[in-house]
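The structure appears below as C-alpha cells.
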Amino acid sequence: MKFFKQEEFDSPDKPGSGAKMKPHFLKMLIAAREQAKIPFIITSGYRTRAHNKRVGGVNGSSHTKGVAVDLRCKDSKTRSIIINAAIAVGFTRIGISDRFIHIDADDQKVQNVIWMY
Ligand SMILES: [Zn+2]
C-alpha cells in the first residue's frame with residue numbers, strides 16, 4: 001500500500017487487525033496523503049471493541065468498522081494541510097482536537113460535519 005504499512009492501522013491489542021480497514025476508506029486516505037504532501041502519522045486506526053472501550057471511544061465508533069483514522073496534528077499549519085486535503089478528496093466527516101484530526105468515511109452516520117473534541 002502506498003504511504004502506509006498495514007501495521008500502522010492495527011488495534012494495539014490485536015496485531016494484524018489493521019487488515020480490517022475497509023478498502024474504500026484506505027483509497028481515500030491515500031489520496032488525501034498524496035494531496036497533502038506531508039507525513040500522516042496514525043495515532044489510531046482500526047480498534048477492537050475492547051480497545052475502543054479502553055480509550056473511551058463512542059459506542060459504534062467508526063474505528064471499530066475500519067473506516068476511520070486519527071492523524072497526529074499539533075499545530076495550525078499541519079491542521080490546515082490535513083483538513084484541506086481530506087475535504088479535497090471527499091471526506092465529509094472530520095473531528096478536530098488539539099492533538100489529532102479524526103477523519104472517517106462512515107456512510108451510516110450524518111455527513112458534512114466537522115466537530116471538536
Ligand atoms: Zn477517531
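Cβ atoms here come from the backbone N, Cα and C positions, even for glycine.
Looking at 1-21, 43-63, the range tied to region 'Disordered' in TrEMBL is 1-21. Summed and averaged per residue, pLDDT over the domain 'Peptidase M15A C-terminal' (20-104) gives 97.
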